[in-house]
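K.L.:
I have a structure I would like to understand better, so I am pasting it below and will then ask my questions one at a time.
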Amino acid sequence: MKKKIGLLVMAYGTPYKEEDIERYYTHIRRGRKPSPEMLEDLTERYRAIGGISPLATITLEQAKKLEKRLNEVQDEVEYHMYLGLKHIEPFIEDAVKDMHNDGIQDAIALVLAPHYSTFSVKSYVGRAQEEAEKLGNLTIHGIDSWYKEPKFIQYWVDAVKGIYNGMSDAEREKAVLIVSAHSLPEKIIAMGDPYPEQLHETADYIARGAEVANYAVGWQSAGNTPDPWIGPDVQDLTRELNEKHGYTSFVYAPVGFVAEHLEVLYDNDFECKVVTDEIGAKYYRPEMPNASDAFIDCLTDVVLKKKESVL
């Protein structure tokens, strides 16, 4: 009989319906309810992208496809997928409890975020390992980052090339690629967090592969807190690049995210487009990885490499 291995797929989570927004936001704010104004602002953003984010559906599809693919490409072990979310059910701890109840003794933990940071990957894996230790007889093997995975870089190289190939030579000369990820509080830099450096590396790999000379790194979707967040913000960066270099076509690659959701559909497709419209420039944003075969193949390689190194 094949050994069963847990596949713990972790992600941020998103409201399933409008009524979930308040409790979801309260969880993000560590139990503090948002003010009516804050709640209204977030609700309006969801309404602007069609009422609710497609993230929940995409995340589940990514996880199910990954489990299926892992069991197709090898027959040494049997992977059982468990979904654990940071801010809404099924919570990370619930997924770990389910694994334990199913008799799983080893699990590979994959966060659907390519770059490592103490705020994201470390906290997700930490929560899972803490719960596993409480329950006993279950070891969680966490994957720190996978932004260097060749198939991840290739996904974005192909996506960016697809946009540039549709441009005339004249437009290409005046085009710039903005590679971005979710901003985090600036204090992580002083803590030696590798997150900003990893995004810069990712941008270099993609630009080199797609043969794009003009590119910059930006940050987006910063939280509304008194602490300073890492910049430049993508909107400010767009204006600056237009003023300083005269770029008139902007290609946004939000590579820190793996699916279409609020941060991409609103913060990029709406807010960044407002800026490009304002300055008379063209807006482009390649398709996100979502549950595409190319992306699932990438994640399959990531999990298999981790499994080989620990089990």
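Yeah, the Cβs are placed from backbone N, Cα and C, and that goes for glycine too.
Heads up, here are the entries from Swiss-Prot:
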{"type": "BINDING", "residues": "TYR12, ARG29, ARG45, TYR46, SER53, TYR124", "note": "Fe-coproporphyrin III binding site"}
{"type": "BINDING", "residues": "HIS182, GLU263", "note": "Fe(2+) binding site"}
K.L.:
Could you list the residues of the same chain, at least six apart in sequence, whose Cβ is under 8 A from the Cβ of HIS182 (Fe(2+) binding site)?
P.N.:
TRP219, GLN220, SER221, GLY256, PHE257, GLU263
K.L.:
Same chain only, sequence gap of 6 or more: which residues have a CB within under 8 Å of the CB of SER53 (Fe-coproporphyrin III binding site)?
P.N.:
THR14, PRO15, TYR46, HIS261, LEU262, LEU265
K.L.:
Quick one: what's DSSP say for SER53 (Fe-coproporphyrin III binding site), helix, strand or coil?
P.N.:
coil
K.L.:
Max Cα-Cα distance in Å among TYR12, ARG29, ARG45, TYR46, SER53, TYR124, the residues listed as binding Fe-coproporphyrin III?
P.N.:
26
K.L.:
Looking only at DSSP and grouping its letters into three states, which state does HIS182 (Fe(2+) binding site) belong to?
P.N.:
strand
K.L.:
Select the most exposed residue of ARG29, ARG45, where exposure means the fewest other Cβ atoms within 10 Å, treating these as the binding-site residues.
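P.N.:
Minimum Cβ neighbour count within 10 Å, taken over the binding-site residues ARG29, ARG45, occurs at ARG29.
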K.L.:
Run through the Cβ atoms and count how many others sit within 10 Å of the one on GLU263 (Fe(2+) binding site).
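P.N.:
For GLU263 (Fe(2+) binding site), the 10 Å Cβ neighbour count is 22.
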K.L.:
Mind giving me a neighbour count for TYR12 (Fe-coproporphyrin III binding site)? Other Cβ atoms within 10 Å of its Cβ, every protein chain shown.
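P.N.:
Excluding its own Cβ, TYR12 (Fe-coproporphyrin III binding site) sees 20 Cβ atoms within 10 Å.
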K.L.:
Rank the binding-site residues TYR46, TYR124 by the number of other Cβ atoms within 10 Å of each Cβ and report the first-ranked residue.
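P.N.:
Output for this query is TYR124.
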K.L.:
In terms of DSSP three-state secondary structure, what is the assignment for ARG45 (Fe-coproporphyrin III binding site)?
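P.N.:
DSSP call for ARG45 (Fe-coproporphyrin III binding site): helix.
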